[in-house]
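Take a look at the structure set out below.
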Amino acid sequence: MLKVTFDRPWPLHGTAATRRIEQEAAASLPAHALMERAGLAVARLALAIAPHAHRVWVACGPGNNGGDGLEAAVHLHRWGKAVTVTLAGSPDKLPPDAANAWRKCREAGVPVADALPSAWDLGIDALLGLGSSRPLEDALAAAAGRMSASASPVLAIDLPSGLNADTGNGQSVRAAHTVSLLTLKPGLFTGAGRDAAGELWFDDLGVQAAEAPTAQLAGPAPVRVRAHASHKGLNGDVAVIGGAPGMAGAAVLAATSALCGGAGRVFLAPLDTGFGAAVPGWPELMVRAWDALPLESISVACGCGGGDAVAAMLPAVLSRAKWLVLDADALNAIAADASLQETLRRRGRPTVLTPHPLEAARLLGTSTAQVQGDRLRAAQELGERSKAVVVLKGSGTVIAAPGTTPSINPTGNGRLATGGTGDVLAGLVAAALPVSSDALQAAAHAVYRHGKAADDWPAGEPLTAGALARRLHLD
Ligand SMILES: NC(=O)C1=CN([C@@H]2O[C@H](COP(=O)(O)OP(=O)(O)OC[C@H]3O[C@@H](n4cnc5c(N)ncnc54)[C@H](O)[C@@H]3O)[C@@H](O)[C@H]2O)[C@@H](O)CC1
Ligand SMILES: [K+]
């Protein structure tokens, strides 16, 4: 059993891959062995996270997730806990492993109640796992609702019941802890998964997964030590093109973020002709006209408050920039213009798109709900279509590129939901591209760093985009 910490990458396996791993392992093990291991792991974790909990409610569902709960209930009962089992389903319809666990439960004398209990110290959610296929109803919904609403902590087995393992969608139990079995599932880390799952634990049940991961949970970048004999020319030049009248702040945020994020030199090309020759308070930033910039040799972040005006620059920027980050208004302009989409596809140089779900929906010609319905798939599809790295922002930002395993970012929190943090990210990605040979890795590490800065934010201090940019210092 491992606690899932975000200081290293983790492989993630979706439902189909996990089912294959389970079938292969079950074929080489004695009957019921996997479920017995799962039940023991859950019972041990229950003791570890809630050592003083005496009354334990194990809410079991109609399938093998319920079976895991029944196995755990037998152990906890034997260890002296006051266990109450409820079963949302019929004992004679349980699948074989779960039916075996039910028999053991009855033989051990574990109390089984028809009605949901009114008080307990620890809830164990064994209603649904991988098999969750539709919204919770009736007895399952009643048990899930009562368990989630209680002040007593919930330990979810495999997944918070109702959560889709692949997409992180679905109304589900809200758990304080979730122990993911055999594999870690992508749905725990994106969409509603982060809020539903609480602290995450992983038990492989002694099975080494031979399946290729469906996705990767991103880890931090290795520390980049700058050589003593270094100079600014080795650390990449970044230009930010954006900041139409009334939106100059977005471009300034991206530029300051690139600077604080480690770029050697940073240019700012405001689209507001009245901007002035310098950025107050930031003498390091060099203000230039966009068409005076050496686009062929620099990293460009384009969008960032560019408004409608940015569309006119895009043909040149798309065909000339050595490295390119497209954000916000640049993405909207591309979504509205098939010839820009074609130029993007044919660019053939490192390109990163940083859409939020609505921008991604516009680019894909679909709805925000459909993008959010399967964030991994939407990011992958957009990457394939545009031949670019895609950073689909949101809870569990997805980073995808054609022909590669996508990543989900584990850092960041709701404090980032404030104006300008996306511009900060665009600047940071633009700074990361010139010093990396792999645009996907550069983007994933920048996203990780951006989120980590928010996770490490001092309590009681407001998180604003400008303050965030300043905190992106190199170690
Ligand atoms: N078979 C085994 O030996 C093992 C099973 N494991 C557990 O088994 C789980 C998967 O078991 P199952 O495939 O039986 O699936 P579940 O136990 O998740 O679901 C059971 C059944 O509930 C039904 N269902 C889905 N949504 C429903 C809803 N909203 N309302 C009513 N019924 C609904 C489905 O028809 C599904 O087959 C894993 O998540 C894991 O917890 C693991 O412990 C590994 C070992
Ligand atoms: K569950």
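The first residue you see is number 1, and the count goes up from there.
Glycine is treated like the rest: Cβ placed from N, Cα and C.
Keep in mind the model is a prediction, meaning the values are calculated, not measured.
Going by TrEMBL, these are the annotated features:
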BINDING   64-68, 129-135, ASP158, ALA250, GLY303, HIS356, ASP423  (6S)-NADPHX binding site
BINDING   ASN65, ASP125, SER161  K(+) binding site
BINDING   LYS393, GLY394, SER395, GLY396, THR397, GLY422  AMP binding site
DOMAIN    18-213  domain 'YjeF N-terminal'
DOMAIN    215-475  domain 'YjeF C-terminal'
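Features recorded in TrEMBL, as mapped to the structure shown.
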{"residue": "ASN64", "record": "(6S)-NADPHX binding site", "DSSP class": "helix"}
{"residue": "ASP125", "record": "K(+) binding site", "DSSP class": "strand"}
{"residue": "SER133", "record": "(6S)-NADPHX binding site", "DSSP class": "coil"}
{"residue": "HIS356", "record": "(6S)-NADPHX binding site", "DSSP class": "coil"}
{"residue": "LYS393", "record": "AMP binding site", "DSSP class": "coil"}
{"residue": "GLY422", "record": "AMP binding site", "DSSP class": "helix"}
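Annotation for LYS393 (AMP binding site): same-chain Cβ neighbours under 8 Å, separated by at least 6 residues, are THR354, PRO355, HIS356, PRO357, GLY422, LEU425. Close to ligand 1, meaning a Cβ under 6 Å from one of its atoms, is not one of the binding-site residues HIS356, SER395, GLY422. Recorded residues SER395 (AMP binding site) and SER161 (K(+) binding site) have their alpha carbons 19 Å apart, per Cα-Cα distance.
Long-range Cβ neighbours of ASN64 ((6S)-NADPHX binding site) (same chain, at least 6 residues apart, Cβ-Cβ under 8 Å): MET35, PRO95, ASP97, ALA98, GLY129, GLY131. SER133 ((6S)-NADPHX binding site) and SER161 (K(+) binding site) have their C-alpha atoms 10 Å apart, to the nearest angstrom.
The Cβ of GLY396 (AMP binding site) lies under 8 Å from the Cβ of GLY168, PHE189, THR190, GLY191, GLY193, ARG194, ARG375, ILE408, ASN409, PRO410, each of which sits 6+ residues away along the same chain. Listed binding-site residues: GLY67, ASP125, SER395, GLY396, GLY422. Those with a CB atom under 6 Å from ligand 2: ASP125. Among the binding-site residues GLY67, GLY394, THR397, not one has its Cα within 10 Å of the Cα of SER161 (K(+) binding site). Among the binding-site residues ASP125, GLY394, THR397, no residue is found with its Cα located within 10 Å of the Cα of GLY67 ((6S)-NADPHX binding site). When the binding-site residues GLY67, GLY394, GLY422 are scored by other C-beta atoms within 10 Å, GLY67 scores highest. Burial estimate for the binding-site residues (ASN65, LEU130, ASP158, SER395): highest at ASP158, by number of other CB atoms within 10 Å.
The number of other CB atoms found within 10 A of the CB of HIS356 ((6S)-NADPHX binding site), across every protein chain shown, is 18.
Remark: THR397 (AMP binding site) has THR190, VAL391, ILE408, ASN409, GLY412, VAL447, GLY451 as non-local neighbours, by Cβ distance under 8 Å and separation of at least 6 in sequence.
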